[in-house]
Amino acid sequence: MNLDLGSTVRGYESDKDTFPQSKGVSSSQKEQHSQLNQTKIAYEQRLLNDLEDMDDPLDLFLDYMIWISTSYIEVDSESGQEVLRSTMERCLIYIQDMETYRNDPRFLKIWIWYINLFLSNNFHESENTFKYMFNKGIGTKLSLFYEEFSKLLENAQFFLEAKVLLELGAENNCRPYNRLLRSLSNYEDRLREMNIVENQNSVPDSRERLKGRLIYRTAPFFIRKFLTSSLMTDDKENRANLNSNVGVGKSAPNVYQDSIVVADFKSETERLNLNSSKQPSNQRLKNGNKKTSIYADQKQSNNPVYKLINTPGRKPERIVFNFNLIYPENDEEFNTEEILAMIKGLYKVQRRGKKHTEDYTSDKNRKKRKLDVLVERRQDLPSSQPPVVPKSTRIEVFKDDDNPSQSTHHKNTQVQVQTTTSILPLKPVVDGNLAHETPVKPSLTSNASRSPTVTAFSKDAINEVFSMFNQHYSTPGALLDGDDTTTSKFNVFENFTQEFTAKNIEDLTEVKDPKQETVSQQTTSTNETNDRYERLSNSSTRPEKADYMTPIKETTETDVVPIIQTPKEQIRTEDKKSGDNTETQTQLTSTTIQSSPFLTQPEPQAEKLLQTAEHSEKSKEHYPTIIPPFTKIKNQPPVIIENPLSNNLRAKFLSEISPPLFQYNTFYNYNQELKMSSLLKKIHRVSRNENKNPIVDFKKTGDLYCIRGELGEGGYATVYLAESSQGHLRALKVEKPASVWEYYIMSQVEFRLRKSTILKSIINASALHLFLDESYLVLNYASQGTVLDLINLQREKAIDGNGIMDEYLCMFITVELMKVLEKIHEVGIIHGDLKPDNCMIRLEKPGEPLGAHYMRNGEDGWENKGIYLIDFGRSFDMTLLPPGTKFKSNWKADQQDCWEMRAGKPWSYEADYYGLAGVIHSMLFGKFIETIQLQNGRCKLKNPFKRYWKKEIWGVIFDLLLNSGQASNQALPMTEKIVEIRNLIESHLEQHAENHLRNVILSIEEELSHFQYKGKPSRRF
């Protein structure tokens, strides 16, 4: 069957799926539209029902596409173009992995047809599609592939690469062979006419360049688009059925939603039949001019559901809450804990009368995944069913009607008030079908405190909140238009009691479509949890910003005398710096720490240190895999990136990672601006003198953070000390404009080193809340200061103010830094900003005492002493780049930057090695590093060593670190040499440190336990 490759189809719109019913068309045109719709439906039904049993499935696709290009487009070009493109994409994706069609001329012509029709104006995407075909082996035995690909390269003026490509086809004996030779001969004639002549040196270069061009890094866009929307599809039968018998609520933003949506084919067929049949013969034809639909919403957006309660003797009350989640069936009842557990995939419910065997379900899922590509992508919004609740608790549901034509009729019936008195049950229900062991909360007691002011986050506070909800109710009249449903941004009140109202129960206020399938990645139940939780956290009765982050509130704090000793809990200490350009640090006294709004007695910092090994066991299961290394091409010059910190470059890298960031368990994306960072800073500065602290509540996680103080402020970020509702201290890094790069790097480090104990020496990111204008990175908090703080502390202890750090302590910290650099370099991460104030002190106090002699393997308690490496905002992931890639700085360099940066030369790992030298120099000399360059081009320290230092050790270290990029035969990273020097230092410590190093560490450990920020700059020396 022949395809006209010269035909062109112009114009394409992605959001039309049927023939538009034009106004003023003739009856013959309507009949023609109806016939085309019926033919289209017949083809779609054959694709779904007959394709799997056909000997030649490509033949059906060809018939369908030729019918569209010859009949459909002639009647309606716009809709026909979309249908043609969708059909071609489905055909290419469905057939591409069938070995029979790899070198079928018909299949190759469809690829070329698609490229010429829809990608002709995009050279990058056209070339990427050809590269994808080449790597998949599609058409590589056919001359047509090389001819068309060479034409594309020729038009882009890659003349020699196009010639080499034709020669490659001839070497592979592609058919028809004689035609390919003629094409090659004609092309050589054209090159001679253009005076493009090859020489002996240009031929190998052309072949190497062609090999580089044939390496594809991402699949074509339409394939990535399909994978985004279909591979994460999950069947409704595999999750708790919370969507049955509920009305249509406001549709939640779909994190995994693509522009193409999988829809029910049966509903689509019925809709097409309905559109074609609704043409009255005696109807008056209207004017064909299009009118602007101001309030029309073709997607039939869902509407909020709420309850109106009339309690005798009280004002009418409206509760934005979906009670159909509590009573999904006549004989079933769930409490709020069970509902949240089911939403998160932690609670499985076996419906009565609905038995599905595992074999049947698995077979059905496999068939659906295989045929999913054949289904036209549409959005299906079926009408909602009336909610069903038990008779004893039946209440009226007020929601906007989806059918405007019947709004008047329903309005009269819905506004009727039915007064019913009952108590909403919140007791836990024990069910045998638990996906995990979930603890059952004790039932509420009637003797719970009813005090309106609760200052501690305790059982009494929980009972108080629940008791406010467990009261009699009745359904009053509808809410008036003038009623205020907004919330203020900031409120100051004297305690921590919060009302259980709309802004606090947002996660349960939405009604889901019972027929709508949730799109999610089938990886882990935890991933599905975040997806479904995010979709259920929107309500249309609140201001738009309340969807994403609750107002920041301030509370007046008072010191509480500890009565009950809280259990000791170990947590990892956190980042307390804002990264580079740290300017100021706000005073934090023991009074502010002890005046917690959450706990009676905050946990001592020395007892809140978590072993990273435990954390790594609980790490996310579906972190992105390490991207495979690029294929190294011999004699290829290294890639040099001029502006390595460019936001556009980072955005490009993040757009190509797989899986994408929004699938990370601790990544929470909000599709809205927040504009709260400056307001948060202002309120904190005003309220800290009154001992009132703002509270930040992230709705997608339910995490509450009380801002305790300001740790640091830079050019783009401010770091706050925040206390969680569990009493854990966290560092909250607020960055404007929003940034995700540091979170990505830290997530990659945690995943790639998940089996290594070195993670205890790297700060951990708990979560990232990303808004359009700013980002909130939640980090673990380290309370013992930085290496720079330790240096300044040692200087202050000296009488003349010029004290320096103990040499053995310098060696110990140097060894710990080398261990971290070795590991992150092994997994392709360059820190890029290594300096004293990005290294935190980690002197944990576990039960095991510190041994008298230094142990390099960490025994005798030495594994609990070390550093934290923080601030990965200027880091690089070398696995995203070709091997040997280097960077050129576009910022002004100084003595704190490596020699390559200052000389304007390319660099890579040299930045970390020079940074390590700078940290060591600061510890030894008590001042920032200064270097001079010798006549032979090598660098050395400007300041000489003291006579009593171990010059044989420090000389070797600085010579290697300062000149890491000088040796021509030195391959970076030079991990083996770093390990060799580290072993030298460790051997010296084991042989000579004896009790001295232990005593020094215990001494500074005691000093740092009382360490408090005094609001003075860190970088002072």
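Just so it is clear, glycine is given a Cβ too, placed from its N, Cα and C backbone atoms.
Cross-referencing ASP697, ASP806, ASP860, ASP871 with the ATP binding residues that Swiss-Prot gives (GLY715, TYR716, ALA717, ASP837, ASN838) picks out ASP871. In the three-state DSSP assignment, the secondary structure recorded for ALA717 (ATP binding site) is strand. Taking the recorded positions ASP833, ASP837, ASP871 in turn and counting surrounding C-beta atoms within 10 angstroms, the largest count is reached at ASP871. Neighbours of GLY715 (ATP binding site), defined as other CB atoms within 10 A of its CB across all chains, total 10. Secondary structure from DSSP puts ASP871 (ATP binding site) in coil. For the ATP site, whose annotated binding residues are GLY715, TYR716, ALA717, ASP837, ASN838, ASP871, the maximal Cα to Cα separation is 17 Å. On the 0 to 100 pLDDT scale, the domain 'Protein kinase' (705-1021) averages 88 in this prediction. Note: the Cα of TYR716 (ATP binding site) and the Cα of ASP833 (active site, proton acceptor) are spaced 16 Å from each other. Among the binding-site residues GLY715, ALA717, ASP871, the ones whose Cα sits within 10 Å of the Cα of ASP833 (active site, proton acceptor) are ASP871. Within 10 Å of the C-beta atom of ASN838 (ATP binding site) sit 27 other C-beta atoms, taking all shown protein chains into account.
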